[in-house]
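Notes follow once the structure below has been shown.
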Amino acid sequence: MSKGLKVVLIGLPGAGKTTFGKQLAKELNFPYFDSDGLIEQKHQMKIPMIFSVYGEGKFREWESEALEDILKTDQSFVLSTGGGAPCFNDNMDLINSKGISVYLDVPLDVISQRLYSSKIQNRPMFEGLDSGEITLKLKSLLAQREYFYNQAKIKLSGEDFSAEYLMYELINQLKS
Ligand SMILES: Nc1ncnc2c1ncn2[C@@H]1O[C@H](COP(=O)(O)OP(=O)(O)O)[C@@H](O)[C@H]1O
Ligand SMILES: O=C(O)C1=C[C@@H](OP(=O)(O)O)[C@@H](O)[C@H](O)C1
Ligand SMILES: [Mg+2]
């Protein structure tokens with residue numbers, strides 16, 4: 001049973017899913033979850049450590065389990081997924097069967113600048129890359145992943161990616 005309004009944010013690493021997700025959850029007065037946080041909590045290990053100790057394959061397995069667990073609950077919530085989540089193990093079909101998927105389609109140069117200026121945090125695949133390498137990596141990820149991202153029920157794109165714009169645009173689309 002999966003009643004409740006489940007808003008699931010997807011998009012490239014650095015698109016702003018975690019940041020906007022928290023703001024959106026506050027605005028909607030919904031619980032907030034982040035699939036990376038759920039994985040780290042369950043396995044008591046940070047994402048980069050999981051990648052280095054167990055490898056990406058195991059991370060993707062645990063990521064799919066985390067999505068299955070949270071999406072089968074009957075509560076409303078906002079869920080920010082990790083950038084790769086929609087692209088493995090039919091997770092995008094699962095997300096679309098249980099919730100309203102929202103793709104943050106942020107321009108690559110905006111994302112690249114954000115990743116370059118922020119700590120790499122939970123993104124081992126960007127560890128040690130310079131600005132140009134980050135942009136190339138994002139281009140390659142987008143080429144592999146936009147097939148899945150474009151299956152989202154709502155796509156937020158444009159130039160202004162402030163939380164205010166995203167909120168206004170999303171609520172308009174949810175109402176339509
Ligand atoms: N609207 C925004 N404007 C400026 N910086 C942002 C915005 N949203 C997110 N960021 C910054 O970009 C980086 C990635 O954001 P994050 O929410 O972690 O993205 P994701 O969860 O999609 O990987 C963080 O340093 C964050 O502070
Ligand atoms: O794009 C990806 O494959 C990943 C994105 C990360 O989450 P964010 O999208 O929140 O950075 C995290 O799940 C992991 O490093 C893998
Ligand atoms: Mg995130």
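From the backbone N, Cα and C atoms, a Cβ is placed for every residue, glycine too.
Note that the coordinates shown come from a computational prediction; the quantities given were computed from them, not determined experimentally.
Of the listed candidates (ARG60, ARG123), TrEMBL assigns ARG123 to the same ATP site as GLY14, ALA15, GLY16, LYS17, THR18, THR19.
ARG145 (substrate binding site) and ARG123 (ATP binding site) are 16 Å apart (CA-CA, integer value). Taking a Cβ cut-off of under 6 Å from any atom of ligand 3, none of the binding-site residues GLY14, ALA15, THR19, GLY83 qualifies.
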